[in-house]
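Here's the structure we're looking at; comments come further down.
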Amino acid sequence: MRQPHIAALLLLPLLLRSGTEGARTLRACGHPKMFNRMVGGENALEGEWPWQVSIQRNGIHFCGGSLIAPTWVLTAAHCFSNTSDISIYQVLLGALKLQQPGPHALYVPVKQVKSNPQYQGMASSADVALVELQGPVTFTNYILPVCLPDPSVIFESGMNCWVTGWGSPSEQDRLPNPRVLQKLAVPIIDTPKCNLLYNKDVESDFQLKTIKDDMLCAGFAEGKKDACKGDSGGPLVCLVDQSWVQAGVISWGEGCARRNRPGVYIRVTSHHKWIHQIIPELQFQGRAGTQQQQKDSQGQQRLAGNSAPCLAAHAMVLALGALLLRIV
């Protein structure tokens, strides 16, 4: 009988398609369909920052975040001081205007929140959390993940990056309705310079703040432009090898856009291992031209690049070919 090999041949295109779709999903990160880069506190365009999400409590926006996988959002730990009732939280994806989310937007309930256990309070290290959604979202032109960097990616001082959010435009004002997503280009500031800035003009009732090793500064010494209240947990992204990679998570600052007080972010690369422990299937963006590897739980080396799904499909094809030879 030759019928088994016919069934196997019918499975072949399905296996090839599965591998191709996996590779396409991985390539989706950091590649929005819309490009329009203007410097300085401007309205974003629809689909321009498709990983930006609004984290809401009882239907009200209180923090930003970034989609990093179909069921996971990266944000700040200080956004979740109390998670005893997880049912009050939801995530809004694919929206440009908070008050008028539009047809491309999607509300998804929160399943659980995992804060970094090393986090000890405002302005401390490890101010990162992972929000798991109730179910996976389908990637569209308006809902796409941002790439996360592995430790090989260095964000140099002076590098121009972007911060986005629905936070207040200043310490006194609230973003006017319909609350359009804002974008701002900010340069990276090296840690020694940032510490010097935060040591200037220190008021007597303020505790001196230190930029820790897992923190990253971005902004302007003269102030005037910065993230503000309501932006917390949102992404600081930089263009690396033609992909948008998240360098930091909005964490803290003194006021908003004050002189000598640039924004402080948590370095994503500093918490690469913790993120990978919770989401082992998540792949990280390495430097161009390098083949990044990670060890699985058994200590075996495995590829961490976009070729993995293709290699898996290739292996299945070889196995299927061997099966056909045995059958015929």
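Each residue, glycine too, has its Cβ placed from N, Cα and C.
As annotated by Swiss-Prot, signal peptide applies to 1-22.
Averaged over the domain 'Peptidase S1' (38-280), the predicted model reaches a pLDDT of 90. Here Swiss-Prot flags 38-280 as domain 'Peptidase S1'.
CYS79 (disulfide bond): 23 other CB atoms within 10 A of its CB, across all protein chains. The disulfide bond annotation in Swiss-Prot covers CYS63-CYS79 (among others).
The active site, charge relay system feature in Swiss-Prot is assigned to HIS78 (among others). Of all Cβ atoms in the protein chains displayed, 20 besides its own lie within 10 Å of the Cβ of HIS78 (active site, charge relay system).
The Cβ of ASN82 (N-linked glycosylation site) has no same-chain neighbour under 8 Å that is 6 or more residues away in sequence. What Swiss-Prot records for ASN82 is N-linked glycosylation site.
In three-state terms derived from DSSP, ASP127 (active site, charge relay system) belongs to neither a helical nor a strand segment and is classed as coil. The active site, charge relay system annotation in Swiss-Prot covers ASP127 (among others) and is backed by similarity to another entry.
According to Swiss-Prot, the disulfide bond annotation covers CYS161-CYS238 (among others). Same-chain residues at least 6 positions away in sequence with a Cβ under 8 Å from that of CYS238 (disulfide bond) are, in sequence order, PHE155, MET159, ASN160, CYS161, TRP162, ILE188, TRP244, VAL245, ALA247.
What Swiss-Prot records for CYS194-CYS217 (among others) is disulfide bond, and it gives sequence analysis as the kind of evidence. DSSP assigns CYS217 (disulfide bond) to a strand segment in the three-state reduction.
The annotation disulfide bond is assigned in Swiss-Prot to CYS228-CYS256 (among others) on the grounds of sequence analysis.
Look at Swiss-Prot and you will find SER232 (among others) tagged as active site, charge relay system. Secondary structure from DSSP puts SER232 (active site, charge relay system) in coil.
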Cα-to-Cα gap, CYS194 (disulfide bond) vs SER232 (active site, charge relay system), nearest whole Å: 19
Among CYS63, HIS78, CYS79, CYS217, which are recorded as recorded positions, the nearest neighbour of SER232 (active site, charge relay system) by Cα: CYS63
Helix, strand or coil at ASN82 (N-linked glycosylation site) [DSSP, three-state]: coil
CYS217 (disulfide bond) to ASP127 (active site, charge relay system) - Cα separation in whole Å: 14
Protein Cβ atoms within 10 Å of CYS63 (disulfide bond), excluding its own: 26
Listed in sequence order, residues with CB under 8 A of ASP127 (active site, charge relay system) and six or more positions away: ALA76, ALA77, HIS78, ASN116, TYR119, VAL249, SER251, TRP252, ILE266
